Amino acid sequence: MSARKFVVGGNWKCNGTLASIETLTKGVAASVDAELAKKVEVIVGVPFIYIPKVQQILAGEANGANILVSAENAWTKSGAYTGEVHVGMLVDCQVPYVILGHSERRQIFHESNEQVAEKVKVAIDAGLKVIACIGETEAQRIANQTEEVVAAQLKAINNAISKEAWKNIILAYEPVWAIGTGKTATPDQAQEVHQYIRKWMTENISKEVAEATRIQYGGSVNPANCNELAKKADIDGFLVGGASLDAAKFKTIINSVSEKF
């Protein structure tokens with residue numbers, strides 16, 4: 001059994017209403033009792049405007065303390081940046097985590113490796129923990145560039161932060177071609193890339209950091225495939241999109257931690 005604690009994150013993206021978010025939050029909280037929380041860390045990525053509501057609901061739920069809240073993005077500076085949310089604002093609102101570098105931020109909003117790395121640095125310096133997303137597009141995979149792309153993304157982050165800062169990072173490997181498409185990397189494909197990530201970290205950071213850093217898999221994770229993925233040695237959890245909007249499906253994915261014991 002790995003010493004790395006299994007971690008399952010739900011990324012709610014730009015979804016929900018006040019009513020649906022309340023139902024979902026209560027459902028997730030009910031799924032994670034104290035015993036399960038010892039085995040798996042559960043994080044929910046919440047749209048900015050619903051974060052206070054989710055925090056309020058969790059505070060009133062018996063198992064609410066077992067669920068950690070994450071923002072889905074953040075900006076590096078305060079000031080004249082209309083529409084942005086600064087990392088310090090998240091800290092001020094007692095949000096412990098932030099998801100950075102998600103493929104949708106990279107693809108739709110054209111965030112570069114260097115911009116993502118700067119966000120990671122500033123977030124950690126502010127006191128946040130980061131889920132840092134990396135992964136290749138379908139064209140890059142077909143061109144056999146997966147390792148090259150992932151290495152460049154890792155290098156940018158590593159160049160921006162200290163070795164000690166890695167303890168505040170969870171990596172999420174998300175093959176872009178598998179996100180929201182219904183396609184999923186096979187367990188062997190996912191393990192192969194996770195193993196490469198750990199090898200890169202061993203060679204470029206340290207063996208200790210490589211062994212301690214948790215690497216989630218993200219990309220159409222669902223109740224049907226989570227158990228087989230969880231069996232793989234270098235898969236330390238999941239970053240879940242669509243299935244995390246259904247409390248019952250998310251519960252099944254959280255419980256895939258049983259494959260690690």
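The backbone N, Cα and C atoms fix where each Cβ goes, glycine too.
Record features, source Swiss-Prot:
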BINDING   N11, K13, G180, L239, G241  D-glyceraldehyde 3-phosphate binding site
ACT_SITE  H102  active site, electrophile
ACT_SITE  E174  active site, proton acceptor
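When the C-alpha distances from the residue listed as 'active site, proton acceptor' to the recorded positions N11, H102, G241 are tabulated, the minimum falls on H102. Over all protein chains present, the Cβ of H102 (active site, electrophile) has 29 other Cβ atoms lying within 10 Å. For the binding-site residues listed here (G180, G241), the lowest count of other CB atoms within 10 A around the CB belongs to G180.
Listed in sequence order, G9, N11, I99, I131, C133, A172, E174, Q216, Y217, G218, V221 are the same-chain residues at least 6 apart in sequence whose CB falls under 8 Å from the CB of L239 (D-glyceraldehyde 3-phosphate binding site).
Listed in sequence order, the residues of the same chain lying 6 or more apart from K13 (D-glyceraldehyde 3-phosphate binding site) and placing their CB within less than 8 Å of its CB are G45, P47, E72, E104, G241. For the D-glyceraldehyde 3-phosphate site listed in the record, the two most distant Cα atoms among N11, K13, G180, L239, G241 lie 12 Å apart.
Its Cβ placed at the centre, the residue listed as 'active site, proton acceptor' has 26 other Cβ atoms within 10 Å.
Sequence-ordered, the extra residues of this chain that approach the D-glyceraldehyde 3-phosphate site, with Cβ no more than 8 Å from the Cβ center of N11, K13, G180, L239, G241, are W12, G45, H102, E104, I179, G218, V240, G242, S244.
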